[in-house]
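Quick look at what TrEMBL annotates:
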BINDING   Cys136, Cys139, His140  heme c binding site
SIGNAL    1-19  signal peptide
Amino acid sequence: MKKILMLSLCALLASPVFAADDPVVARQTIFKQFKKDAAAMGKMVKGDAFNKDEFSKLAAHLDEIAQQPWQHFPAGSASGQAKHKTDAKAEIWSKAADWTKAVDNFKAETGKLKQVAANGDVASIKNQFGAVQKTCKSCHDGFRKD
Ligand code: HEC
């Protein structure tokens with residue numbers, strides 16, 4: 001019994017490591033983290049419990065991970081081609097210049113948010129958070145299946 005338990009525990013611990021070898025899983029894991037950061041910031045922006053230090057940490061984290069998903073889009077990993085279920089549209093590769101622009105716009109806005117969150121007033125922080133959200137949406141509109 002103990003042995004079986006140990007074995008299943010090992011299988012459980014090992015599975016995310018194998019999953020990380022899959023580029024689709026790797027990028028989706030990072031996007032999930034985007035959502036977590038954005039949701040936490042969104043909550044602060046909407047409510048009156050705005051905590052500048054907390055927000056600033058989240059903005060810095062988002063800017064850090066904003067650099068990461070794009071390396072996990074190898075050719076042949078679009079929806080319908082990849083092993084793993086993915087919402088990546090073929091346009092990522094067929095309109096590569098537009099894709100790069102969408103990535104660069106996003107990174108520019110998260111970089112600005114990090115700056116403004118550290119130095120700016122609450123109104124400009126909220127404003128810049130809105131600008132970041134727009135870049136999420138506009139990329140999803142063009143490059144992610146709904
Ligand atoms: C430059 C394009 C681009 C930008 C910018 C972008 N995304 Fe995405 N996002 C995608 C693509 C493409 C997928 C589909 C990935 C897949 O399924 O392989 C995706 C998937 C996701 C997912 C689903 C992950 C899953 O569980 O499968 C979430 C959540 C998400 N994005 C949130 C965000 C948030 C929040 C932002 C902004 C802070 C953002 N994204 C910015 C392109 C983008």
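Each residue, glycine too, has its Cβ placed from N, Cα and C.
Secondary structure from DSSP puts His140 (heme c binding site) in a helix. For the recorded heme c site, residues Cys136, Cys139, His140 set the reference point as the centre of their Cβ atoms, and the other residues of that chain within 8 Å of it by Cβ are Ala102, Phe106, Thr135, Lys137, Ser138, Asp141, Phe143, Arg144. Within its own chain, Cys136 (heme c binding site) has Phe34, Ala38, Phe106 as residues 6 or more apart in sequence whose C-beta sits under 8 angstroms from its own.
Highest Cβ count within 10 Å among the binding-site residues Cys139, His140: Cys139.
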